[in-house]
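These come from TrEMBL:
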DOMAIN    B:96-325  domain 'ABC transmembrane type-1'
TRANSMEM  B:9-30  transmembrane segment
TRANSMEM  B:100-124  transmembrane segment
TRANSMEM  B:145-165  transmembrane segment
TRANSMEM  B:198-218  transmembrane segment
TRANSMEM  B:256-282  transmembrane segment
TRANSMEM  B:302-325  transmembrane segment
């Protein structure tokens, strides 16, 4: 049984100018111990879909799904109280800005022990011991001393380590890391990613890494899901994805990696992700796609076969060439 | 922390001298002659006038009078009211407990109702409670105090007869007032019903005096909370699975308290400086009424002495607020 199974997740925000669909029919499957990434540009609905799973979206969001199950519990019919028993314990999340994600008014120790107090039966002494243990686990030197520190006394990397310690407090089955390294400098990025994958291996938890950085993906995860404009456009094992991307968007993202550039000028994807008012008909990527034709702009594509990475494309690529097997139009 | 407090205390010194100068000059800038006012309808002969002037020290040059005043302050002497012939400090201390008692009750009421109301409004932003509360706060803030007080008296005192109209305690009771705080003194007096009477006398003045601070605190809490509720650390707290009461009431509120503490401090300052209207309407024998009377009598010593004490109290309240900033948000302590 998958740990997290989501079918056809849609999230709509009601705004003053009408409804905005941030996530559009996304499927996600995470097995226990899985190590996967969700990749996409800003505005592709990566974070929103995970916040929906955590139940952290504001009340302006409407969440619908055919299936949204975690560890055998249906998340959809759950009361807020029931969900609060799961999040922070079996499923936890770390965020993009570690410095602002810790409460400046409380010590790091207080914020870690608070999770333990909520979800475990440990007494005061037990919580303190566990907090020290967690600080050691995430590689913070002098843990006893650092537990008494306030967030503004820690560096960005230390803050993110403290956030990870907090998220791991109750030994979650699933950790969602929402761009955990974006706000950190490059050397610290590598350390944090190494820490996350190391912890994932040691504890056997599942890890979902949300990122826009293909380089991070290549080094870190096993399986990749690519999202574009709120839709899932492709899913593959990481090696296969880098060798043979099936969706033109994935191919374009990979081509834009500096390491892969063959010419002096770095290839880019023209245009931006469609917003609330410029959603195209047919395939959402068609205005920016090299291979799009009239058919793409008129008809919404359906998912291709698993061998083609479930690509949401009329002409999924095979080794860089579109497979135009159904040239009906 | 001690260094922080000491450094704040040092900034007191120039403020203190500024206040002595302003309070000294302010009352003398008003037209009107205290000796003429003292004499009233009867006219004063020029000889008698000169004699009185010399006796009260008004014949000295102004700078001389100012330095005499300053000199007195450092000896703990705020001068003698030439109307009542009693030391200003004694007069002030006799009336101040009444004002303090009323102010404390009012600010406690305003804080206990205002902060939770602001938090609930912010959490339910745009919904019925929020709109109802903010409308009520606006009405409370803009309502003329004397009219509101009279309205309450008409309904609860004359109409329903639930509360007394004025004063601090029923005339039936007579006992020593060692502390000057009627609630404490009446409770210690052992007279049956005295405490009850003191409480019932406090209710309406407290409500009237609390109205404006309550509205300000509720609105300030709401806007500070709205700002904080969108912060990342509030999301982190929710991601831990904490209950809304803890997320909003601890994680968010503590961060939102800085501006709230500021307006509470300002309100305390204003209340202590004498709630003149409220004290007058309810015949509350506090310093607000005394200050106004002293100004009308051109009682120079009483006005400058009273102003100085009030200013020092306001300065102390501000110092407390500054210290509280550091206690609430450790980041501020470091600066």
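Note: Cβ is positioned from N, Cα and C throughout, glycine not excepted.
Note that this is a predicted model, so its numbers are computed, not measured.
Within its own chain, the transmembrane segment (B:100-124) has Cβ neighbours under 8 Å at 130, 133-134, 137, 180-183, 202, 205-207, 209-210, 213-226, 229, 244, 248-249, 252-253, 260, 264, 267-268, 271-272, 275, 278-279, 284, 286, counting only residues six or more beyond its boundaries. Beyond the transmembrane segment (B:145-165), the same-chain residues lying 6 or more positions past its ends with a Cβ under 8 Å from any Cβ of the stretch are 197, 200-201, 203-204, 207-208, 211-212, 277-278, 281-282.
Against the transmembrane segment (B:198-218), stretch B:256-282 has more CB pairs under 8 A than any other of B:9-30, B:256-282, B:302-325.
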